[in-house]
Each structure stands twice: as C-alpha cells, then as structure tokens.
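Here the structure comes first, spelled out in structure tokens, and everything after it is commentary.
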Amino acid sequence: MSGIPEITAYPLPTAQQLPANLARWSLEPRRAVLLVHDMQRYFLRPLPESLRAGLVANAARLRRWCVEQGVQIAYTAQPGSMTEEQRGLLKDFWGPGMRASPADREVVEELAPGPDDWLLTKWRYSAFFHSDLLQRMRAAGRDQLVLCGVYAHVGVLISTVDAYSNDIQPFLVADAIADFSEAHHRMALEYAASRCAMVVTTDEVLE
C-alpha cells in the first residue's frame, strides 16, 4: 500500500544516543541556513501527539535561535494537488499526496514562516531539486545547512546528501526530525554521521 504508514510513538534521541560523527565541523551562524523541511499539516498529521510535540518544540527553538543569530531560514513545502505529470513516480510510492487546501498545505502554526524567510516549492525528495536553494545559498555566501523536519530517512536525508554533494556542510538535528519509526530515524542518523553530515541535538546547536 502506498502512502505514509501508521506511526507508533517513540522517544526522540538524546545526545548520548547519537552515532559518532566523522566530520568535525563547527556551526557558524553567518555561514548557515536553517532548512525547515516539509513541516506541513499533511505530513505532521500522522505523527502521534507526543512525537509531534517534541519535534515541533525543538524545531521552534531552532527557528527562534536562528532569528536571533542572523541565520537565514528556508522552508520547503509541497504545492499539493499535483497533476499526474508533476507527481511522476512519487505516486507509485506515496499515492496522490496532499491537496492544495490550507488544511494540508500550510506549515504548522508554531513554525509559520516570517517575511524574510525563503519559501521553496518541494517537488521531489531533495530540497534542491527544481528549486533555487543552492543558488540562493551561493549568492548569500552561506555554505552550512541545518536541517529539521520530516521525514528523516526520506526527504531530510536526501536533502542532507544533496547539500554534502554541493560542498555545503550539513548539520542534521537529531531531535528536531521525525520518522516512520525509531528504526528508520536511527538509520538516517547513522548514515548521515558516517557519510555526509554532523549529527547534533537542538541543545548542541543552541550552545
């Protein structure tokens, strides 16, 4: 069956549970962009309340810190009501997807975009696909990407790999992302830490 599966609640990882990082990068606000990845009502609706609450709270803490520190903020959001051509192979794995109505498409209220934030239309797993995210980052002289949102092993991880492939240092915030299961979440963290990113917690970013 295609689409988002039923999700059972699980605890978000703590700093002690993170995989070891191979990279030793340091986050610098003047170099960074925060990517709020697909935090739309449609994608958060399947999350159990305890998981949703922790995810949104940590993402909101990140966003507030980024505003204070001068970190550029970017959002991805699917347009909804895609045509067959626009949907492409996505429909074979995820079905028709969301509608274009605000009930599906809006970013959740706690993370509402501000007037200076970049709004990117999301067409495939990677935030960089058919968007000008890379061009905007290059023009702004920013070469670090902090990632939060859903789903960890799908769009979040692929966007992380794409950033790395473009020599942008990704920082994957382990307790500000969520997934279909704890096992999927762990898989994304282990791959990122060993292959393409720094895996950190919200508290570590805010230190």
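Cβ coordinates are placed from backbone N, Cα and C, and glycine is handled just like the others.
In Swiss-Prot, the substrate site is described by Arg87, Lys122, Tyr151, Ala152, His153, Val154, Gly155, and among Gln78, Gln135 the residue recorded at this site is Gln78. Other Cβ atoms within 10 Å of the Cβ of Tyr151 (substrate binding site), summed over all protein chains shown, number 23. Tyr151 (substrate binding site) falls within neither a helix nor a strand when secondary structure is assigned with DSSP, and so counts as coil. Sequence-distant contacts of His153 (substrate binding site), defined by Cβ-Cβ distance under 8 angstroms and a gap of at least six in the same chain, are Asp179, Phe180, His184, His185, Met187, Ala188.
With respect to their backbone Cα atoms, Gln78 (substrate binding site) and Asp38 (active site, proton donor) stand 7 Å from each other. In sequence order, Asp38, Thr76, Ala77, Gln78, Pro79, Ser131, Gly155 make up the list of same-chain residues 6 or more apart from Lys122 (substrate binding site) whose Cβ falls under 8 Å from its Cβ. Residues listed for substrate, Gln78, Arg87, Lys122, Tyr151, Ala152, His153, Val154, Gly155, cover a largest CA to CA span of 21 Å.
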